[in-house]
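Okay, structure first, notes after.
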């Protein structure tokens with residue numbers, strides 16, 4: 001009540017320029033009061049569903065610094081998957097899973113009219129809350145808590161008073177990453193971000209809320225849920241230049257206690273969470289990546305930590321995030337940073353550039369948070385896709401996997417539509433009736449790899465060629481306009497002229513792994529080098545305990561080629577005969593990859609050299 005009275009007094013004295021006040025983001029020392037006026041703005045030809053509470057498109061008008069602002073908003077229809085679920089635990093620790101409806105949600109992306117560089121990430125659940133970029137500057141907006149008033153506060157990041165100025169960091173280290181110099185030499189080959197074209201990819205995410213978070217929010221699952229939705233809506237906005245969508249498929253609350261040992265040692269907690277994901281979560285929930293959100297203060301001022309190149313790996317596609325700020329953009333930036341590591345992005349060096357330094361992959365927290373990825377991040381992500389081929393994000397979900405009611409005229413082909421080519425004025429598809437989103441008379445299809453001149457291609461027509469020995473070509477069925485989902489050769493199928501065996505669509509061989517780690521001239525080291533894995537030493541082992549100082553365990557004699565990988569590096573002035581690579585950030589780096597041939601008829605599985613006929 002006192003807070004409401006202060007706001008009313010402030011508005012009476014300064015109707016357009018606010019005095020210091022506590023808002024959702026914290027204590028704001030300067031803000032402007034605006035009164036957004038809503039104007040419905042459905043796409044041309046679109047029909048609003050009568051049962052919807054939140055429109056698919058909206059428009060708001062207000063003024064900032066005396067300048068008219070027209071904010072166009074479109075619902076983020078890729079924020080949730082259709083099979084979105086929530087799991088919590090009863091007082092007797094029974095697992096309870098529900099599937100709440102999330103189709104009619106209130107989270108939007110947008111832009112400012114007549115500003116091509118503008119962006120916006122807004123929650124419209126109770127007024128407008130979020131941020132927008134106008135004329136290159138980022139503004140925050142949120143409703144003032146005044147009964148029966150449309151008043152909102154608009155302010156900049158620098159107007160938020162930061163209580164904690166101690167430097168904070170990403171927990172990922174880079175002791176053995178590429179040096180600055182090689183990056184510098186390749187900068188001339190880097191394609192500018194605005195010229196890049198990435199195929200659309202989906203990361204299906206599960207967020208786990210640990211017990212410290214449940215306690216912090218006084219067991220208020222609604223508040224936690226809203227907070228996570230707001231953060232992920234902004235994460236999606238950040239990743240738009242990569243054409244990546246982060247779809248929330250599940251939310252889990254550890255109500256009665258943690259299911260792993262969550263400690264302040266970030267590295268140990270991350271490893272434990274990865275092992276739990278591989279042994280538990282993956283067995284009951286389909287997803288690509290999992291995030292543990294905690295309120296436990298992490299060592300070394302760590303805000304987040306993950307495994308570099310970890311995306312799609314069963315025990316490595318995880319991240320640990322500290323809920324350290326009540327500013328949505330701060331949290332979204334940390335999540336985007338850690339997810340970048342999982343996608344192969346390293347910390348930026350002095351040679352990396354973006355529109356306004358620092359960039360998102362800078363190793364320390366930046367105030368205000370960065371808004372752009374660097375040239376290096378784009379280059380590293382592209383190389384990651386080529387090298388690791390992360391299959392879990394390469395295959396997009398089926399249209400029905402993304403939850404949203406169909407809207408005819410929005411140019412998104414959704415469940416229940418035969419086609420959608422936009423408004424009648426904009427449609428250029430000769431097969432589609434833009435007014436109804438139905439196929440025209442005589443047309444069999446309007447989109448898809450197996451659609452040609454409005455007719456479904458004959459059965460057996462190749463629609464996706466085989467990429468390599470471990471891939472298979474896909475062919476049209478004659479019944480559908482869509483190419484069948486990507487399939488691969490069976491595990492254990494010989495590949496690369498019997499140099500290896502197929503494993504989950506790849507042909508992992510030591511030679512290619514050495515080249516990827518060191519240089520194009522690298523080869524596999526002689527057998528004597530692999531005998532070092534019998535030692536159980538710092539650089540020679542098969543398995544190790546969790547943590548930096550974890551004990552190393554030697555390989556059995558028959559398994560020496562399934563532990564650390566040894567290479568002969570023939571690059572200029574090196575000529576190292578038994579070279580291996582170790583990374584504190586990703587302890588799997590430099591280990592012989594699963595499925596690699598270790599002897600004729602044998603492959604590496606769980607760091608053991610086993611018969612290929614019984615391995616799969």
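Glycine is treated like the rest: Cβ placed from N, Cα and C.
Values in this document were obtained by computation on a predicted structure and should not be read as measured data.
Database features, via Swiss-Prot:
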type	residues	note
DOMAIN	201-397	domain 'Peptidase M12B'
BINDING	204, 288, 392	Ca(2+) 1 binding site
CARBOHYD	219	N-linked glycosylation site
CARBOHYD	261	N-linked glycosylation site
CARBOHYD	295	N-linked glycosylation site
DISULFID	312-392	disulfide bond
CARBOHYD	326	N-linked glycosylation site
BINDING	337, 341, 347	Zn(2+) binding site
ACT_SITE	338	active site
DISULFID	352-376	disulfide bond
DISULFID	354-359	disulfide bond
DOMAIN	405-491	domain 'Disintegrin'
DISULFID	408-437	disulfide bond
DISULFID	419-432	disulfide bond
DISULFID	431-454	disulfide bond
DISULFID	445-451	disulfide bond
DISULFID	463-483	disulfide bond
BINDING	471, 472, 486	Ca(2+) 3 binding site
DISULFID	495-507	disulfide bond
CARBOHYD	497	N-linked glycosylation site
DISULFID	514-567	disulfide bond
DISULFID	542-555	disulfide bond
DISULFID	598-609	disulfide bond
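For the Ca(2+) 1 site, the Cβ centre of 204, 288, 392 serves as reference, and the other residues of the chain with Cβ at most 8 Å from it are 202, 203, 205, 286, 287, 289, 311, 312, 317, 393. The Ca(2+) 3 site is set by 471, 472, 486; from the centre of their CB atoms, other residues of the chain with a CB within 8 Å are 464, 466, 467, 470, 473, 474, 487, 488, 489, 505. The number of other CB atoms found within 10 A of the CB of residue 567 (disulfide bond), across every protein chain shown, is 25. Residue environment of residue 483 (disulfide bond) contains 19 other Cβ atoms, counted within 10 Å of its Cβ in all protein chains. Between the alpha carbons (Cα) of residue 419 (disulfide bond) and residue 497 (N-linked glycosylation site) lies a span of roughly 45 Å. When pLDDT is averaged over the domain 'Disintegrin' (405-491), the result is 86.
Cα distances from residue 359 (disulfide bond) to the recorded positions 288, 337, 338, 392, 471 are smallest for 337. When the recorded positions 347, 392, 408, 432, 437 are ranked by how far their Cα is from the Cα of residue 555 (disulfide bond), 392 comes first.
Separation of the C-alpha atoms of residue 326 (N-linked glycosylation site) and residue 497 (N-linked glycosylation site): 56 Å, rounded to the nearest whole number. Of the candidate recorded positions, 261, 338, 514, the one lying closest to residue 432 (disulfide bond) when CA atoms are compared is 338. Counting residues per DSSP class in helix, strand and coil order gives 0 helix, 15 strand, 72 coil for the domain 'Disintegrin' (405-491).
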